[in-house]
Each structure stands twice: as structure tokens, then as C-alpha cells.
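Scroll down for the structure; my scribbles are underneath it.
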Amino acid sequence: MACKNNLVVKQIIDLYDQISKLESLKPSKNVDTLFGQLVSTCLPTDTNIDVTKMSEEVKDMRSNLIKLCGEAEGYLEQHFSTILGSLLQEDQNPLDHLNIFPYYNNYLKLGKLEFDLLSQHSSHVPSKIAFIGSGPMPLTSIVLAKFHLPNTTFHNFDIDSHANALATSLVSRDPDLSKRMFFHTTDVLNATEGLDQYGVVFLAALVGMDKEAKVKAIEHLEKHMAHGAVLMLRSAHALRAFLYPIVESSDLKGFQLLTIFHPTDDVVNSVVIARKLGGSTTTNGVNDTRDCMFMLSMEGNYIDKTRVLDIKPLRTLRPIFPSGNQAPPFVCAPPFGPFPAGFSPFYPFGSSQVNEQAPHLSQAQRQPQIPPQRQHQPQNLSEHSLATPSRPLRSSNGDIEPVESTLKRKTPKKRQLSTVNFESGISVAERDNGNRELVMSVLMRFDALRRRLAQLEDAEDAVNGIIKRPDLKAGSTCMSRGVRTNTKKRPGLVPGVEIGDIFFFRFEMCLVGLHSPSMAGIDYLVIKGGDAEEEPIATSIVSSAYTENDRVNPDVLIYTGQGGHADKDKEASDQKLERGNLALEKSLHRNSAVRVIRSLKEATHRVKIYVYDGIYEIKEAWIEKGKSGHDTFKYKLVRAPNQPPAFATWTEIQSWKTGKSQRRGLILPDLTSGVESVAVSLVNEVDSENGPPYFTYSTTVKYSMSFQLTQPSSGCGCCCGNKCKPGNLECPCIRKNGGEFPYTGNDILVSRKAMVYECSPSCPCLTCKSKVTQMGVKLRLEVFKTVDRGWGLRSWDPIRAGAFICVYAGEARDKSKVQQTMANDDFTFDTTRVYTPFKWNYEAGLADEEASEEVSEEPELPLPLIISAKNIGNVARFMNHSCSPNVFWQPVSYENNGQLYLHVAFFAVSHIPPMTELTYDYGVTRPSGAQNGNPRHGKKRCFCGTQYCRGSFG
């Protein structure tokens, strides 16, 4: 019996003591050394060591050590995934370069071993495989899918949504796996109906960090897997059990144990294969797992010689340390391995290994591709993993957050696996080639989901203080579920994407096919050259540089090539003529057009905005010395003629704001005479009219005594003190909004609602962000003269989807008393009109919520509200009608001093570029006496000129 006095165990205990005292388990030289020593110490297969028979003190130490290993692997996974992601996103197929991972060759061999074992115990090829605990680098799934199971769909489950986002990016540009691999953020313990659809289920080693959690996971799978389905597990034996949990035959109740493979060489994990009992799965009438055991061991202790497996010895395998998420082992690339710009070689555990040449996936035999799956599987069913409750949960950015939360908030109901059958509504043809309507739909669906995720995470961040990336989660979800278009890469114009379009997230450009890499500045495709050899040509670039020359001549861009930059771990070097740089060089010689996206800073919230500036041609290329003294590639690009202005508009606006140039046609610098905190210009570049008829500028609605609303719900409206924070149900205003904050942290409306309830103006909370519409206009607006529709309204600033623009100010009228005057009032807002319905909110299927959780988007007001802005009003009176508007109205109310105040607020439907006219749907008057119905014709002719113009309004 091994005890604490055993020399090897004492070495492990000493290493545990050192590891447990580390301030951080993130990759570093110290972490590298200690875990390298730990792995080397645990590799010997000393059969005299049985961890199950050790003292309680040693068992407790082992349990904690396994958790530390799991945490360290989590950090290491992100490190490698970031390295690979940054490099691979510059290439045509990221998976073609997985061989930069030094132990990729081991995964190829291990995948072959597991496939051979699976083939011995399965009479048919599984059509669907589930991998639970896939992580940011799902190498096992990738290897099996590419080399062994070309027609199988792989569904990868992980608790960490950020890991899934990274994994999705790795396969998103592969023409085959992007259609066969799906990634789902979920806790398998909440999946009850849906696991029976998989022929094979993989359970990663670190899913279930201790015995109890591991058995609980296996029991759950036994309860819900299909009869006859195969369960494949990773286990450990001997000293290696100090690194991973053990799976014993007694843990597999309800399963027929088929194989246990215990390696005695450098492969750390054991492989366990079992079949779910029930139905016709028994063998010769035997249901007892002990009677059907088939053991494999390099030691030859348990070999069934009646069975022959074509399995090669694993003596040549280097040590690997696969995690429960199928992450990279505790090893990093060798000194001579290729690395992307900004990353240097990293050696996590001091191993000096030879990087054997593994084949590129592109060199493997390509199998016929299957149609993309229209089935969108598991959802985010829980916030807790299969780990023990004492193990901290990992947030989407890799930091550790507590399991429990003291914040009270509404928890959306999650859907069971069997109910998840999400249909994107986008056909295969539309996914390859889009159009304007489809592009706008994809962008709106993405942003609606992003806003919802931001709303949920804002509530969590109020307690945890963790910065998350809902844009990555939303993008990953849309990619995996087919909410995308223009996946067919091409040079030149992209169907449905218009010059001047703006994007607030790089994932948006990826989803509509404008620019695929989520990080790299150069996108390109490979075509056949003149000698039939393949060569790259650039399709698009993202330029973040802004110089004085850009203001003077915005149609000329001097672009710097990629690579060669210095960072804290790497010195600057000469740029190389490869990848994106080579693609630009080839495009120069081919006179191939390149799309240019300008990256700019948005001053209001200090975020980047991407402006599609159209088609450019590369005119020159040269090499010059950079600031570091190293060679740098330079490219001169010139904008093609006869394109609508885009970046030039931004530079011109910047000149107006800084006073470097005068706004043409300016009549008044501030129409509001200082009433608004931001000036509103009055401009006429069309004719000689000096301005609209006189009116009194006001920022709110003036109610008459007879119309004043006097039905407050209770008390002062908001008496929650300094607690107006997302998810806090102590705030009565949040309770009225269904227990959720109506806005994200940057004042963006999450969803259209029947009514949005804001906090009172007298709310004592110093940090209250629930008074968005009461804070006045924040955008730099301009009232301008149109050619054929009188005066209009537009913004110098870019406007994000869901951003507040203004309220409709004026005089509230009683409809029964103003029927005669309304006919001649062109400045009337009438909530009783019929408005064309449209979908703006997030889809429950994309957000992994029950359909019943969707809120109504139809406004509901306690009384009809009619506002006349003829004599008293604000900038909203100048917004023209459109049958395809970019602005919508939302009823908003708040209480103050016992009174209920009702307003009509305007928000952006989608991202709106600067100098784009702002319009909303005026609606159509309901016929007299009609309660329902949708009248086809209004009283006034419509001049909006949009594709879906109905011809009239009002």
C-alpha cells in the first residue's frame, strides 16, 4: 500500500505545495517548470501505487491538485487558442495550419486509436456525435471529423461561451467542418430530452472534477442516452490519477463496459468505452458489466485474445496532458515553430520536444460535403458546470467568478434539448449569396441577440465586476446556427452590403461576408495562377491609420503591411512577403479590386467603428524602413471613381466639428438657442429658404389640465435609494420592466416593449441609468432642407442600433376635440394610427430561451396620445415619414410627484451612418368607427421612394 512516506508521493506533495502557493496559474516560467516536473513525476506506471488506498490526507491533496491542474489547463487553452486564432484567421482555411501546435501529431494518433476502438464496438457509423467538454480547441472532434468520420455531425458542448466562440472561429472558414460542427454553451446535467439523438457521446476527462461529480455526470448520461449508444470517457491510472479523475467499472452502472485501455508510455489518459444497456444491447443475454469486460493494457494483464484490434503501440507518443475541454496539452510550440505577429514562443512546462511533421488537413483526402444542418441543437441550459460546487466558474474572459450570486434578477427559462430545432430561415443559396434585405436582417438579428446577452451580463457584472464580450457570444451563435450570408468569398462588391455602411463589431462584417477575419487586417482568397499554381489575392483590408493626408485626400490610402511588430516578448523584425502581404502584392500585379474598411474612433463611447469605404485599386508597393529600423511593406491604394461618399463624409464632418472648415449652407449654428445640451444646426443647400415657420422649441410634452394623467401606481415612483442597477428587484421601476433593466450599460434599448418604465426624475440614485430619454438629445443633429419633402433631420454622429435619438415634444391633444385641426397639421404624432408591424427584438431560439419569454413589441398606452408640434416642439417634428424607416417610436413613462408622465421616444432600428436622413413610419389613420383592420391608404402621398413604399401615409 502506498502511503505518504512513499518517495514519489512525497515529491508530488511537495510540488502541490509549491503550485498551490502560486499567485496565478496563467502561463509563466514558474508555472511552466512546476507543472513540467509534476507531469514527469506522474508518468511512470508504478502498479504499486493505488491512489484509492492512500491516506485521507493524500486523497484530499490529490482532489485539490486535480482542480489546480484543471484551472491551469483552462488558462493554457486560451493561450494556445489565441495564438492559433490570431495566425489562422489570416489564412484561407485555419485548420490547414493546426500543425503549428506541437502535439497535434499526438491528437492524430490518439484520434486514430479511439476511432479504431469505436469501430470494434459499433456496427454502423454514427451520424451525430456529442462531445461534452470540448473547450476552445476541439482537436479530438476536428481529427475525427476530418480523417475518420467525413459524414458525421459533431455537436460540441462546453460551459464556457467564450471557449465556444474561439472554437467556432477556428472552424468557421472551413468549407466542410463549418457545416458539420456546432458549438453549444450548456450544462449537460440540465439536458434531459435530446441526448438520445447521439450515437456516440464523448465525456472529457475534466468534466466532473471529483468522484461524486463524475459519477453524477455518468448517471445522468445513462438516464438520457439512447439504448445501445456508446459512451467514450477519458480516465487515469497509477500515478497519473494525481492529474485526472479515475473512472472505474463500478461507476458505469447501466452501461456495458467494452474497453479500458491503460497506456504505459507517455500518453497520460486511459480510454474507456461503454455501451448503454437496454433494448437489444445485451450480449448473449448478459447484462452484468463484469461479464462483458474487454480490457486492453500494454502490460498484458487483461487481454481478450479472441478479439483482434488493429492498434499500433503508442510508444512514440510524446506526453500529452489533455483537459476536459480537449484543450492543448501542457506544452507549447518549439522555438522553431511558426508564430503570428505579436506572439513569441512559449514553453509552459519546460518540455523540449521535437515537433514531428503532421500533415495539413488540406492534404487529407477530401470527402464529399454534406448539406449544412438546419438543426440547431443544445442551448445554454445552465450557468453551472459539472464541476464540484467548490470549483469556481470561469467567465467568458477566462477570469474566475463566484458560483453564487447575491443579485436578485429575473432568470429566463432555458429550453430543453428536444425542443431546440432552430431554423435560420436562410437557404443554402442565400447563405452563399445575399441581398440588401438579407444583409440587414442578419445584422439586426445579430445585434438583437447581442443586446439581450449584454442585458443579462450587465446584471451579472453588477456583482462580479467582470468585463464580458456579448458580441463574441452573439457572433458565435449566429455563425453556428446559420444566421449569416455571403459565405462565398469574392473580390469586389459584396451583394447587399452598401458603400458607407457602418459596423460596430468586426463579427458583423464576418456575418455578412464583407471581411472574414475577426482580428487580421487583410482578408484574401486563393485562386489558380497562370501556371495553374495557386496564389492569393486580397479581397478586403481594414485600415486603422488616420493621418492629415486622409483629411486632405480621403480617396488615397497608404496601407502598411502586416507582421514584424514588437511586443513585450518579441523584438521587431522585417515584414515578410507572405500571407496577407503576398496577397496584396499579387492583387497589384493582377489589378484586382480590394474592399477597404476604415476603422475609426467613435468619440461618444470611445469605441471603434468600421466604415465600408468601397472599392480601391492598388497602384504602388514598396519597402521602407519603419520606426524600428526594419523593413516594412507599403501599399498605395486609390479609390475607384463614381462611388458614393463614405470615409470622405467622416473627414468633412470632423473638419466642421473642429472648426477647420465651415458647414456649407449653414443658416443657424443652433436651432434650439441653447435649450438642448448639444447644438442642432439648421442647413439649406437646396434653395434660398431661410428656415421653417416659427415655433417655440421645447424638450417635453405639454399636457393640458383636462388631459393630465393622474394614475400613478404607488408612492413616489422610485424610492430605491442608490440601487438602480441591472437586475435589482428592489427598484420598483425595474420590477415594472419585468425584472430586467430596459437598457444596456451604454444606454442602448434592449427590446421594444408595450411600455418602457423609467425611473423618476427625482430618483435619489446617483448612478441611475434608467432615465435615458429624460437626459435630452446627445447626438449632433442637423435640420436640413430636402429636395422634395420639406425639412428633414439627420445626424453628424454615427448612431448605433437601439440608441436613443429624441422624444416627440409638443402639446398633447384630445383627439375628440382636434379632428378638424389635425387635417391641416403636418406636425402631429398619433398613437391611434395603424403602423406596419416589424420584428426588432431578439429571437428566443437564438437566445436559448422559451418562446413564451418573448415580449410583445406592440405599444400599449393607458390612453390615446396625440401630440401636436405645430406651435411647440423639438427636432422630432422635422423627421419625415418612410415606409422603410431607420427609426421607430417607443412609449416611455415615468412617475414624478404622484403624476404619471407619458412620452414617445425614438430609437434607431439599425446602425445609421452620419448624414443619413432619420425617418419613422407615420402610420395610417384608422377609418372612422373601425376598431381593427389595416387600412391600405393614408391621406397623404408618400415620397419616401423605398422598395416597399405603400404610396401614402397619415
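A Cβ is built for glycine as well, from the same backbone N, Cα and C atoms used for every other residue.
Just so you know, TrEMBL annotations are computer predictions that nobody has curated.
Sequence annotations record features per position, and here TrEMBL assigns compositional bias 'Low complexity' to 363-379.
The compositional bias 'Polar residues' feature in TrEMBL is assigned to 380-398.
Per TrEMBL, the feature domain 'YDG' maps to 492-639.
Predicted-model confidence for the domain 'Pre-SET' (716-776) is 81, expressed as mean pLDDT. As annotated by TrEMBL, domain 'Pre-SET' applies to 716-776.
Marked as domain 'SET' by TrEMBL: 779-923.
The annotation domain 'Post-SET' is assigned in TrEMBL to 938-954.
Annotation comment: TrEMBL describes 355-416 as region 'Disordered'.
Across the range of the domain 'Post-SET' (938-954), the DSSP-based residue counts are 0 helix, 4 strand, 13 coil. DSSP labels the residues of the domain 'Pre-SET' (716-776) in these numbers: 8 helix, 5 strand, 48 coil.
Across the range of the domain 'YDG' (492-639), the DSSP-based residue counts are 23 helix, 63 strand, 62 coil.
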